[in-house]
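Asks: Here's a structure for you.
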Amino acid sequence: MIGRERMTVVSQRMIAERTYELTLSGQLVAQMNEPGQFVHIKVAEAADPLLRRPLSLCQIDHKQGQCIIIYRQEGKGTALLTQKQPGDRVDVLGPLGHGFPLDAAPAGGRALLVGGGIGVPPLYELAKQLANRGVNVVSVLGFATKAAVFYEAEFAAFGETYIATDDGSYGMAGRVTDVIEQQGLSFDVLYACGPKPMLKALDERFRGRPVYLSLEERMGCGVGACFACVCHVPGSETAYKKVCSDGPVFRAGEVVL
């Protein structure tokens, strides 16, 4: 069920270059269950910026009534969000969308988690929940450069973890797809979130396998009303799906990337 609440900022810190970890508390956390879902945050009390910012859930802690969101400062909206201090209130709408299907990974099976840049955060809660279900988790995380790397140790706590950087300044040089091939990583199910070229490469490479992709799209309303985030369905010029309400997670081949 979608709710709305002025959640309280518990803490905020920079964890990598232009990347922030924001912890919020509130009753809305009780409704957050699916890894891969997101929230829509109003970053300022004023009307400018008008639109909310869609930010994925990184961690859900029902006992503490807290959730963690990791985001990257890109423009005016996220710059305003970086100024939030403990005790401040933030207008939050959510949880939104459909997350990663946990049942696709059998207990004792092997799940490969592939993240690129700011697509890494939602995979953390996924890794945690899969590990709790007895799934063997392997993570491949890609970043532009060493300064952008975050949560390596956190993912490593759940299983084998590989880091790739575009410039080779940390971990393995190259793309996440290079790491998968070079390391010969096998899987029963693959979950991924990141830039569209990365998702497209995974879609093409592993078509026909159990692969689930979380799309990152600009959106207006977050609830399927404004049609700002639609993507086409293969084989049709008129059919489409909405990333915010039908997704953001889709099975590989379900939508055109």
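From the backbone N, Cα and C atoms, a Cβ is placed for every residue, glycine too.
Pasting the relevant annotations from Swiss-Prot:
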- 2-102: domain 'FAD-binding FR-type' (DOMAIN)
- R53, P54, L55, S56, I70, Y71, R72, G77, T78: FAD binding site (BINDING)
- C221, C226, C229, C244: [2Fe-2S] cluster binding site (BINDING)
Asks: Pull the DSSP breakdown for the domain 'FAD-binding FR-type' (2-102) and write it out as helix, strand, coil residue counts.
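Replies: Helix, strand and coil residues of the domain 'FAD-binding FR-type' (2-102) number 12 helix, 51 strand, 38 coil.
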Asks: Considering every residue in the domain 'FAD-binding FR-type' (2-102), what is the mean pLDDT value?
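Replies: That stretch averages a pLDDT of 94.
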Asks: Can you tell me the CA-to-CA distance separating I70 (FAD binding site) and C244 ([2Fe-2S] cluster binding site), as a whole number of Å?
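Replies: Between the alpha carbons of I70 (FAD binding site) and C244 ([2Fe-2S] cluster binding site) there are 18 Å.
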Asks: Can you tell me how far the Cα of R72 (FAD binding site) sits from the Cα of C244 ([2Fe-2S] cluster binding site), in Å?
Replies: 20
Asks: Whose Cβ lies within 8 Å of the mean position of the Cβ atoms of R53, P54, L55, S56, I70, Y71, R72, G77, T78, the FAD site, other than those residues?
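Replies: Near the FAD site, beyond R53, P54, L55, S56, I70, Y71, R72, G77, T78, sit I41, I69, L81, I118.
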Asks: Drop a 10 Å sphere on every Cβ of the binding-site residues R53, R72 and tell me which sphere holds the fewest other Cβ atoms.
Replies: R72
Asks: Including all protein chains displayed, how many Cβ atoms other than that of C244 ([2Fe-2S] cluster binding site) lie within 10 Å of its Cβ?
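Replies: C244 ([2Fe-2S] cluster binding site) is surrounded by 27 other Cβ atoms within 10 Å.
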